[in-house]
There are 2 protein chains.
Amino acid sequence: MQTLNVALGDRAYPIHIGRGLLGRAELVLARLKTPRVAIVTNDTVGPLYLGGLRAALEQAGVNVSVVSLPDGEAYKTWETLNRIFDMLLTERCERSTTLVALGGGVVGDMGGFAAACYQRGMPFIQIPTTLLAQVDSSVGGKTAINHPLGKNMIGAFYQPRLVLADIDTLATLPDRELAAGLAEVIKYGLIRDSDFLAWLEASLERLRARDPEALMYAIERSCRNKAEVVAADETEQGERALLNLGHTFGHAIETGLGYGEWLHGEAVAAGTMMAAELSRRLGWLAAGDVDRIEALFVRAKLPVWGPKLGAARYLALMAHDKKVEAGRLRLVLLHALGRARVHGEAALSEIAAAIEARCR
Amino acid sequence: MQTLNVALGDRAYPIHIGRGLLGRAELVLARLKTPRVAIVTNDTVGPLYLGGLRAALEQAGVNVSVVSLPDGEAYKTWETLNRIFDMLLTERCERSTTLVALGGGVVGDMGGFAAACYQRGMPFIQIPTTLLAQVDSSVGGKTAINHPLGKNMIGAFYQPRLVLADIDTLATLPDRELAAGLAEVIKYGLIRDSDFLAWLEASLERLRARDPEALMYAIERSCRNKAEVVAADETEQGERALLNLGHTFGHAIETGLGYGEWLHGEAVAAGTMMAAELSRRLGWLAAGDVDRIEALFVRAKLPVWGPKLGAARYLALMAHDKKVEAGRLRLVLLHALGRARVHGEAALSEIAAAIEARCR
């Protein structure tokens, strides 16, 4: 087991990464306020991993309540969130009860937002079971639900007290979801860690084959990158925005197609290609750099072309994004491989051209 | 105009109290991030005060969007909250747009919660137009909506950037709502300010007659008490709980009768009598003290008896309250007039007896 620390003062918390962690109740117990938890999971993950976690916690004397949600981004809505509140109130959970999110990014985002709001805030633990959640969404305290007009529009910054990333849960992850997680792993290489990018280019097939040692390394290095960024800029006033490489374009794809058509990581990959193409048009990246990114996504079995929604529709959807300031689109672009920056000066016509060039 | 400061470090903010403040756009302008606001009001307050506020802001160059909600505690629900989000997204409000809550406690609670959640947090200004909101709910950052199983169960601690209490808006306040506000004013005297309690006993008829000077003094002193408590304990780990005198009993009345039957302040008055009665039974208050409280509430035209829901129903409703810890009811009781403390040791039978004694 490896342990990282997210340095956020009195809200600092550990990230444990390793094998067999779901059965180690003592790791959870150490972070509980009272021996009482409410587990939020979904109908796919629950049948696989809830039994073991629950048994371990109950054997350690913890009182456990559970709610299982339908699986998928399409359910990241207020209606589903209300099912969590109904359970918490019906089971008389208190402000000191700890909410445990067991599942992927959607479960973590909704569980975390429910924890942020229930009685104005209850303690919260993330147990991510997908690669995407382990390397990205479970770390850093971003929680949210979607609105029909925009992804992650309603939410809170709310830090967990613990992140428990059990690599063993990746054994049951569908190939498509593994690939989606790799999109966020590759992101860290692109925005701030060119050595990691080189390692990924050398090791991608080991990751696709789920080599535990390679997964462990990629997760640990991704979380370390994320923890550093979050510690420096918790509420995204500056550097943290760089983590959104490909996300503004990607959110337009997700919202435009309807939530759940593309996986988040898939939309991020296609969106990153748009950001790379725009960076090339601005003279920041060479054509060979764009090819390198594309080759890596292709090996990861990720889409490198966006759906043909039309540039006007992309721009309209992007205008709802949280990265809009004073009416201008603020986009994360690449100055070089391993170096990102926020750019708010690109002409709409230039952005539209980059989108068109990367749709097929 | 008088100005108090809520000392919360980098989230400190001013409370301006005075006459004619709605027309003074410069007070609002000084606290905006960008010249763009989204006003949340309701169908009662809007027709009276929205026009003046809007004109003043627009004349100062501020872009104004508006949503008006139905009036009343019964609408403090997710459905109504969603109407705020719909407006914010349809009007393309940004993370830097400032939400302005113009109205009473319900508008402030919902507007504040919407601001806390929209894009994970947008700036927020309170312009309370009821006595209750001016002396209590607009100050201190508690925001929430109700759940069918409990009042204020879903919410956030989220501080405004400014509170603007314009005494002139009290001229149109119905008598019943003025009385409800007095319940919270009297609360400050009971829990921590016996000099203020004595002043209230001497001045209650002036307040009922809406003497501006008396109102100004009562609001300023109430806000000062509240600001001190909030600065010392923002998220209610300790002293702040004392502000809930009468509230756990009162929430049971509100939820038990259905939201909107009794006004919040009315339920707090009857609930405070139950807390006083229990304090007497524990030997802390003399019978004469209880009589003094009752006499003051009666002069304020507030109810001093709870509805006959039955003690068992009261206790069941109170068990959902946020003031439950490790299964025990933590109640705010009075050690003396002007001195409150949290007590978690009262036997359920004793609590039930106090409730029965104060229902009619």
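Every residue gets a Cβ built from N, Cα and C, even glycine.
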Per TrEMBL, A:H247, A:H264 bind Zn(2+); matching candidate in A:E184, A:E325, A:E345, A:E350: A:E184
For the Zn(2+) site built from A:E184, A:H247, A:H264, further residues of that chain with CB within 8 A of the site's CB center: A:L132, A:D136, A:S137, A:A183, A:K187, A:G246, A:G250, A:G265, A:A267, A:V268
DSSP three-state assignment (helix, strand or coil) for A:G108 (NAD(+) binding site): helix
Among A:D71, A:E184, which are binding-site residues, the residue with the most C-beta atoms within 10 angstroms of its C-beta: A:E184
CB within-chain contacts under 8 A for A:T169 (NAD(+) binding site), separation at least 6: A:L22, A:V45, A:L48, A:Y49, A:T129, A:T130
List of residues, in chain order, with Cβ under 8 A from that of A:H264 (Zn(2+) binding site) and at least 6 apart: A:E73, A:G105, A:L132, A:A180, A:G250, A:E254
Separation of alpha carbons, A:E184 (Zn(2+) binding site) and A:D71 (NAD(+) binding site) (Å): 21
Structural state of A:D71 (NAD(+) binding site), classified by DSSP into three states: coil
Stretch-averaged pLDDT - the domain '3-dehydroquinate synthase N-terminal' (A:67-179): 96
Those binding-site residues listed as A:T130, A:T172, and which of them has the most Cβ atoms within 10 Å of its own Cβ: A:T130
